[in-house]
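Trainee: Straight from TrEMBL, here's the annotation block:
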- 129-163: repeat 'PPR' (REPEAT)
- 230-264: repeat 'PPR' (REPEAT)
- 331-365: repeat 'PPR' (REPEAT)
- 401-435: repeat 'PPR' (REPEAT)
- 532-566: repeat 'PPR' (REPEAT)
- 633-667: repeat 'PPR' (REPEAT)
- 848-940: domain 'DYW' (DOMAIN)
Amino acid sequence: MGSEFRPMYIQRLFSLHNLLQPQIQFYKSIFSARRIQALAIITDNPQTTTTLNVTHDAEWTPTSISYSKLLSQCCQTKSLNPGLQIHTHLIKIGLENDPKHRNHLINLYSKCRVFRSARKLLDESPEPDLVAWSALISGYTQNGLSQDALLAFTEMHSLGIRCNEFTFPSVLKACSMKKDIIGGKQIHGIVVVTGFENDVFVANALVGLYAKCGDFLDSRKLFDQIPDRNIVSWNALFSCYSNGHFFKEAIDLFQDMIITGLIPDEYSLSTIINACTGLQDITQGRKIHGYLIKHGYTSDPFSCNALADMYSKVGDFEDAKTVFDHIPNPDIVSWNAIIAGCVLHEYFNLGLELFLKMKRSGITPNMFTFSSVLKACSGLGLQDLGKQFHSILIKSEIELDPHLCSGLIDIYSKCGEMDDAQRVYDMMPQKELIALNTLLCGHSQNGNDIEALSLFSKDRDRIGFNEATLLPILNSSASLQDVYVSEQIHGLSLKTGFQSDPFVINSLIDSYSKCGYVERAKMVFDESDIADLATFTSMISAYAQSGQGEEAIKLYLKMQDLELKPDSYICSSLLNASAILSAYEQGKQIHVHTLKSGLLSDVHTSNSLVNMYARCGSIDDASRAFFEVPEKGIVSWSAMIGGLAQHGYGKEALSLFDKMLKDGIAPNNVTLASVLSACNHAGLVTQAKTYFETMEGVFGIKPTQEHYACMIDILGRSGKLDEAMDLLSRMPFEANASVWGAVLGAARTHKNVDLGQRAARELLVLEPEKSGTHSLLANIYASVGLWEEVADTRRLMKDSKVKKEPGMSWIEVKDRVYTFIVGDRSHSMSEEIFKKLGELMDLIREEGYVPVLENDLHNVTTSEKEVLLLYHSEKLAVAFGLIATPPRAPIRVKKNLRVCIDCHTFLKFVSKVVTREIIVRDINRFHHFRDGNCSCGDYW
C-alpha cells in the first residue's frame, strides 16, 4: 500500500464502523489464535508489509490485552501496515474506542509520520488523556516537527492536562531543536511548579536545552544540581560541549565522570573522540581509544567511525587505516572518514581506490563521499575523471550542495577549465559564499585577474564576503599591480574588522609590495598587532622581492630578538635578500641558521642557498651547496648552471647541462636561458646557435623574448650585427625592451651609430623613463667624438625629466653593507680611502696602467677625465675593502651598472699588485680579478 493512499484508507476505516456493527459478532467467532500468532510474527519484522493470511485452527477468543500487546510491538518496530490491519479488526469487533487501543494507535501513527490520522483519533476521543497527547508530541519531536510539537503542548496545557516526566523531555527537546530559549524557560518554569525538576530524564532534557541554545553556564549549573546523574546526563552535556566546539570542556568533563567511577558507554566515548579530533589532541584521543578497548566497545560502529575520523585528521594515517580495516561491516560514515583522511594526507590515488572498493561492497556514496573524491581528482589533476563524477552526480540525483559545487569548481579550476568552473557556479540555484570563494581562487590562480575582480564586484553585495574572499582579490590586484584595488580591499578590511586576520594582513603586505608600494606594506606591518612568523615572513619577502635586502636583514634581526624561530620559507627569503645585496657574510650566517634549524633538507632552501652563494661571488661554495641538495630538481640544476654562466665558467656550465640531461632531467625555459647566457659570457657563438635553433625540436620549448634577446646579444657582441638584426626581424612577436637593449649594447661595443640610434628610438618608446638608453647612446656618440650629439642627448634627458641613475657600489664588511657613489666623501674613513686610492694608482702606474678615456662622456681635458675616472664608486669600494678586511681575504663588491673599461683595467692591475682576489658583480655578470686577469676574458 503506497504511503500516499494510507490517510484515505484510514479515513475509510472510520466510516466502516457503523456499517459493520451487525457483522462484528461473526468476525469475533472466526478470529483464530493462528491469526494472532501470525500477526505477532510479522510485527517483529519492521520490513514486512505482507497482508495477513487467515488460517482456521483451534478457535480462540482474543482479548483487549492481546491487541494492546500487538499494537505495542507495531509501535516499537514502526510497522505501519500490520498496525493498519489491527485497526481494521478493532473497528470490526467494536474495540476501537478502548483508550489503550486508541493511545497505541495514536503512538503508532505519530511515529510513522501519519499525523493526520493520529490527530483525528485524538480529536475524536471523548476525553484524550496525557498518554495520547504525549504520544502525539513525542511523534512530532522525533520526526523533526518541533513547531507542531510545541503547538500541541500549548493546546494540551490549555485543556488543563498536566505534563509528566515522559512528556516534558519531548517538549524540551522541541525547544532545543528550535533553539527557542524563551519558550524553553517558560516550560522550565512549569517543570519547577509541577515538581519534576529532579527527575533525571527531565533534568537531562533541560541541560541539553540550555547548552544547545548557547547558555552553557546555566546548562552546567543544572547539570551539577541533578541529584543522581546517570550516563545519559553526562552524555547530554558531552554532546552539547562537543557540538558547540567547547572541546576542552568536554574532555575535562569526561575526566570528571571517570573520577566518579561511572563507566562510559559507547556514546560517551565516540563523543569524546570527536572532541579530541576538534582539539587536535591525539594524546588524549589515544587514551580514549584505550578506554574503548578496555570496556569492549571496539566493535561499536559509532566509536570505530569516530576513531577512524580522528586518526585521519589528527594522527598517523596508518592508524586510521588500521582502525578502518578492523571494522567488520563499514558503513557509509566509515568509508567517508577513511576516504576524507586519504585526501587530507594527499594519498589521492588510495582515496580513489577505496572509493571503488566501497562501490563494490554495495555501499552507495553520498554527497560527502563525492566531495572527498572530487578533491582527490583535483589533487591529481584528473579533469576527465572529475567530469565523470560530475555526470554520476547528475544521474544519481544527489543534491548538489554548496560543498559539492565547490569541489566541482575546484577541480575545473585546477585543470584550467575556468569556463566549466564558471558554468557550475552559474547553475547553482542558490549561490553560497564557499562556492564564490572557490571560483575567485580559481580565476586568480589561473591568471584571470580581471574576471576575479569583476565577479567579486558583482556578487559581494548579494552573497557577502569574508576573510577568505579578500585573499584571491588581493592576489589578483598584486598580479595586475593595481594599487587602487589593494587600497579598496584595505578599506573594506578596516570597515569589517578583517584587518586583524593574519591571512588578510599578509596578503595586504604582499599586494602592496608587488604593486611597488613597499612603504604601505610596511605601514600595514607596523599597524598589525600580530607579530608572528608568517607576518614577518611576508614583510621580509616584500623587502627581498623589491631589492631592499638590507631592510630584510634588519627585520630578520628584529625577529630574532622576539625569539621567533625561522622556517624554510623565511630562510629562503633571507637567502634571496642576501643574494640581492651580494651580502656574502650575512648569507653565511643565514646558512648557519638553516643548519641549526635542520632546514637544509628543504629543497627550496637548498636551491636558495645555491643561488645566494652564486650571486655573492663564491661559485665554489655554490658548487658545494649544489652537490648537497638532497633531491636535485630542475630549479637546482638551473640555479647552478646560471651561476657558472654568470661567473664566466661557460664551458663548465655547458658540461653540467649535459650531465643534467644524462640524469634524465628535462630543461625548462630558465635552464635554456642560462645555457645561452653561458655561451654568451664565454663567447661560444657556434654552440649558442646550435642550442637556440634546436631548443624547440629537441626539448619542445619555444624560444621566448628572453631567449631571443640572449641570442641577439651573442651575435651582436661577436660583431655579427647583420645576423642579429635578421634574427630580430624573424621573431614571431614584437621585440621587447630586452631585445632592443641587446641591440643597443652591441651597437655601443662596435661603435655603430646608426644601429644605436635605431635601437634607442625603440627603447625610448618602450621604456621612456629609463636613463640607461640615453647613457648608452651618449656613450656611442662619445666613442666616435660626436660631442654635440652627446650634449643633445643630455639635453633630451633633462627636457624629458629623466634622471640618470648614479653609479653605486656596495661592499660588506663585518656584517654591515657600505654604499659608495662616484666621488663619495661621506664615509667616516673617506680620508684614508682616498689616500689608499692614491697609493694604488702609484703602484699600478709602475706596472703599466694607463687610464682608458675613450668612453668618458665629459668633453674636458685628458687630465680632468683621469681625475673623474679615479673616483668611480667601485674603485672607492675596493680601496675601502683593502683597508677594512683581513689580508688575503677576497674583496667582494656589487655595482648597479656595467663596469666601465677603465675600472675593469684598473681592477686587473690592483689584483696583481696587492695579490688579492677582487670579485665584482655588475649588472651583467661576475668578474673575478686575480693576478692581473679577469675571469670574463675581457668579454663583457
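Here the Cβ of each residue, glycine as well, is placed from N, Cα and C on the backbone.
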Trainee: Where else in the chain does the repeat 'PPR' (532-566) make close Cβ contacts, counting only residues six or more beyond its ends and a cut-off under 8 Å?
Mentor: 502, 505-506, 509-510, 512-514, 516, 518, 521-522, 525, 573-574, 576-581, 583, 586, 590, 593, 597, 599, 817
Trainee: Let me spell it out: take the repeat 'PPR' (633-667), skip the flanking residues so only those 6+ beyond its ends count, and list any with a Cβ under 8 Å from a Cβ in it.
Mentor: 603, 606-607, 610-611, 613-615, 617, 619, 622-623, 626, 673-675, 677-684, 687, 699, 701, 925-928, 935-937
Trainee: Where else in the chain does the repeat 'PPR' (129-163) make close Cβ contacts, counting only residues six or more beyond its ends and a cut-off under 8 Å?
Mentor: 99, 102-103, 106-107, 109-111, 113, 115, 118-119, 121-122, 170-171, 173-175, 177-178, 180, 183, 187, 190-191, 194, 196
Trainee: Quick one: DSSP breakdown of the repeat 'PPR' (230-264) into helix, strand and coil?
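Mentor: Split by secondary structure, the repeat 'PPR' (230-264) comes out as 27 helix, 0 strand, 8 coil.
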Trainee: Residue counts in helix (H, G, I), strand (E, B) and coil for the repeat 'PPR' (532-566), per DSSP?
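Mentor: Breakdown, helix to coil: 26 helix, 0 strand, 9 coil.
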Trainee: Which residue counts does DSSP yield for the repeat 'PPR' (401-435) in the helix, strand and coil classes, in that order?
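Mentor: Split by secondary structure, the repeat 'PPR' (401-435) comes out as 25 helix, 0 strand, 10 coil.
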